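Annotation source TrEMBL lists active site, proton donor at GLU307. Residues annotated as active site, proton acceptor in TrEMBL: ASP381, GLU409. The annotation domain 'Alpha glucuronidase N-terminal' is assigned in TrEMBL to 25-146. Per TrEMBL, the feature domain 'Glycosyl hydrolase family 67 catalytic' maps to 150-469. What TrEMBL lists as domain 'Glycosyl hydrolase family 67 C-terminal' is 470-694. As annotated by TrEMBL, signal peptide applies to 1-19.
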Amino acid sequence: MTSLRFVFLFLLISFSASAQKDYKLWLQYNTVTNPTVASQYKSNLKGIVVLGNSETIRIAEKELKTGFSDMLGNIPEIKSEVKGEYNIIVGSQSNLNAEIKNELQSDFDKINNEGFIIKSISIKNKKQIVITGKNDVAVLYGVFHFLRILQTNKSVKNLNIADSPKTNIRILNHWDNLDRTVERGYAGFSLWNWQKLPDFIDQRYIDYARTNASIGINGTVLTNVNANALILTPQYLEKVEALANVFRPYGIKVYLTARFSAPIEIGSLKTADPKDPEVMNWWKNKSAEIYKRIPDFGGFLVKANSEGQPGPQNYGRNHVDGANMLADAVAPFGGVVMWRAFVYSEHDANDRAKQAYTEFQPYDGKFKENVIVQVKNGAIDFQPREPFHPLFGAMPKTPLMMEFQITQEYLGFSTHLVFLPKLFQEVLESDTYQKGKGSTVAKVVDGTLYQNKLTGIAGVANIGNDLNWTGHPFAQANWYGFGRLAWNPYLDSEVIAEEWLRSTFSNDENFIKPVKDMMIESREAVVNYMTPLGLHHIMDTGHHYGPGPWVSNLSRPEWNPTYYHKADKNGIGFDRSKSGTNAVSQYAPEVANLFDNLETCPEKDLLWFHHVSWDYKLKNGQTLWNGLALKYQEGVNQVREMQNVWNKAEKYVDSERFNEVKMLLEIQHKEAKWWRDACLLYFQQFSGKELPERVEKPTQTLEYFKSLKFPFAPGNG
Ligand code: BDP
């Protein structure tokens with residue numbers, strides 16, 4: 001009996017220890033096991049001097065203590081003043097003594113308000129490490145960066161880091177509804193427990209803020225872009241205020257989505273016309289009411305006249321009228337309006353890929369100073385691969401912010417391992433040529449191309465109340481990588497993958513190298529088994545789970561996969577060249593010509609821009625049909641290789657996370673085959689050709705795949 005009880009207790013403890021690992025994300029603070037590294041840390045980090053006493057500074061101090069005690073087994077002596085050497089001195093510029101301030105003057109000149117300095121200095125011949133910035137939140141960023149140095153086992157000798165975020169707004173967009181369902185969420189329900197707020201503060205709110213601060217995220221939009229006006233009522237604002245209070249010391253501002261028709265729905269006005277004085281007044285008063293509660297409220301995110309959401313066009317006005325009216329309301333308080341450019345209309349027969357540009361580009365220079373236009377990375381909708389959105393670089397007088405999707409709506413939900421920073425990097429590196437060679441999307445986004453002051457990157461969150469936050473343990477890397485790229489859009493995704501692996505799992509080189517390669521490859525794998533060679537939007541209806549290239553019966557033509565692949569006896573692909581819809585003309589001439597010409601169009605984008613015959617010869621000499629089929633097969637093979645790599649990682653990973661990933665990879669493998677077989681069987685009806693030898697034969701019929709239904713797939717409202 002006793003021994004049974006003991007076994008039970010042991011299991012319970014080991015289960016919770018393991019579950020905690022999942023929960024702790026990249027802030028594991030694993031014990032430093034490399035003896036050389038550990039002894040270097042111990043001899044260089046002997047005391048901690050914390051200057052200042054704000055809540056933020058207390059958080060920074062606590063973080064350092066946790067980091068030290070977990071990673072090194074003891075906390076260096078906490079001192080009230082700088083005595084002796086090898087101290088870590090933590091505090092903002094104004095709290096440093098004159099000598100240190102002087103020593104760091106040129107470093108302070110290099111950083112912006114959110115930037116930090118981590119530097120080894122010698123004062124009166126005594127070696128010290130200073131972690132500082134212009135305010136306490138910047139110091140907190142510095143502390144997290146310093147702990148990352150320890151987590152990744154890098155040297156703490158001769159530190160000389162001055163790093164600032166390159167964008168102002170680094171923000172998560174939660175598509176969370178007030179009933180706690182999450183649109184396109186695959187990690188459980190919303191974190192925000194509106195029923196228990198404002199009085200009950202879930203520990204997860206604090207952990208959420210801490211985690212975001214650790215990667216420099218400084219904003220969060222709590223509510224879905226398909227907005228509910230109720231969030232703007234006093235009953236809910238009181239709850240929002242409670243969350244804002246939790247997030248504030250971590251440097252995170254709260255934003256809300258503004259439903260354009262709110263003045264009617266909760267304000268009993270007859271109209272929401274942005275030129276109506278009563279409406280303008282309503283928003284002004286509403287903003288004042290919000291700022292009274294939340295003085296650092298960030299502002300509004302708006303989806304207007306898009307997919308049925310109300311907007312200024314309901315009143316014969318345009319996006320500029322709508323955005324500027326809201327901008328005026330929040331301007332006195334320093335708020336911003338993030339106005340989304342994700343628009344396309346069922347009344348517009350033009351290529352959907354062209355519609356946002358056609359509508360928004362002429363508005364360049366017309367928005368108020370505190371408006372930033374939020375543009376998805378591609379012109380359709382977060383597909384596994386899209387060429388960059390033509391609006392980037394095309395609105396020199398308007399700040400544009402990037403919208404990435406971290407949640408994997410079109411990339412296998414939270415069951416597929418796909419490392420998204422690779423996708424993000426591909427977009428950010430794309431050259432728009434709008435101001436000559438080197439006019440990359442990253443330079444548009446960080447404002448350096450056109451000297452915009454307001455800059456930002458948004459990521460549609462993949463976070464829910466699952467124990468591990470993101471559903472898939474590796475989806476945590478996408479949250480992490482988003483934050484790192486929002487801070488610095490020029491970071492290499494390989495560097496990000498490596499940092500994340502070291503902080504999340506292990507510093508063992510035998511683990512890092514193969515698993516990092518697996519992550520990097522995972523993005524191309526998903527493209528290959530879902531939408532190779534520029535195919536896009538061929539998923540099943542509504543839930544977007546699994547393949548549905550046959551779907552052609554939806555009321556809006558541009559919702560049908562057949563609209564996008566246009567497969568017929570002659571070939572496949574969407575002709576967006578000059579002889580087709582001429583979507584290429586929305587890019588700068590250099591880019592337009594590149595895409596327009598079959599010879600120069602990158603094959604990864606081929607079927608995005610061209611309708612080509614099944615016998616078209618690819619660069620590798622294969623016909624298009626064979627090449628397409630082989631790509632689908634390659635995707636499946638890549639998943640198999642990912643499984644092999646993971647199986648060899650067993651000894652470096654705790655058993656719970658190891659098994660989770662193993663099971664998920666099995667699902668991914670099954671679903672990769674499903675995509676391959678369903679798509680190839682469907683397209684084969686048009687090509688009329690046999691599958692090439694190296695492609696495995698489908699084990700089910702096309703009719704079977706078409707019959708699959710998923711009435712309760714998650715994320716589909
Ligand atoms: C699509 C999603 C839909 C979102 C929409 C948007 O399917 O749920 O509301 O984008 O971004 O990707 O507004």
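Using N, Cα and C of the backbone, Cβ positions are placed for all residues, glycine too.
Curation plays no part in TrEMBL annotations; they are all automatic predictions.
TrEMBL feature annotations superimposed on the structure.
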residue	record	Cβ neighbours (10 Å)
GLU307	active site, proton donor	14
ASP381	active site, proton acceptor	18
GLU409	active site, proton acceptor	24
Helix-strand-coil residue split for the domain 'Alpha glucuronidase N-terminal' (25-146), DSSP-based:
54 helix, 27 strand, 41 coil
Taking the domain 'Glycosyl hydrolase family 67 C-terminal' (470-694) alone, what is its mean pLDDT?
98
How many Å lie between the Cα of ASP381 (active site, proton acceptor) and the Cα of GLU409 (active site, proton acceptor)?
10
Rounded Cα-Cα span from GLU409 (active site, proton acceptor) to the residue listed as 'active site, proton donor', Å:
17
Using DSSP and three states only, what is GLU409 (active site, proton acceptor)?
coil
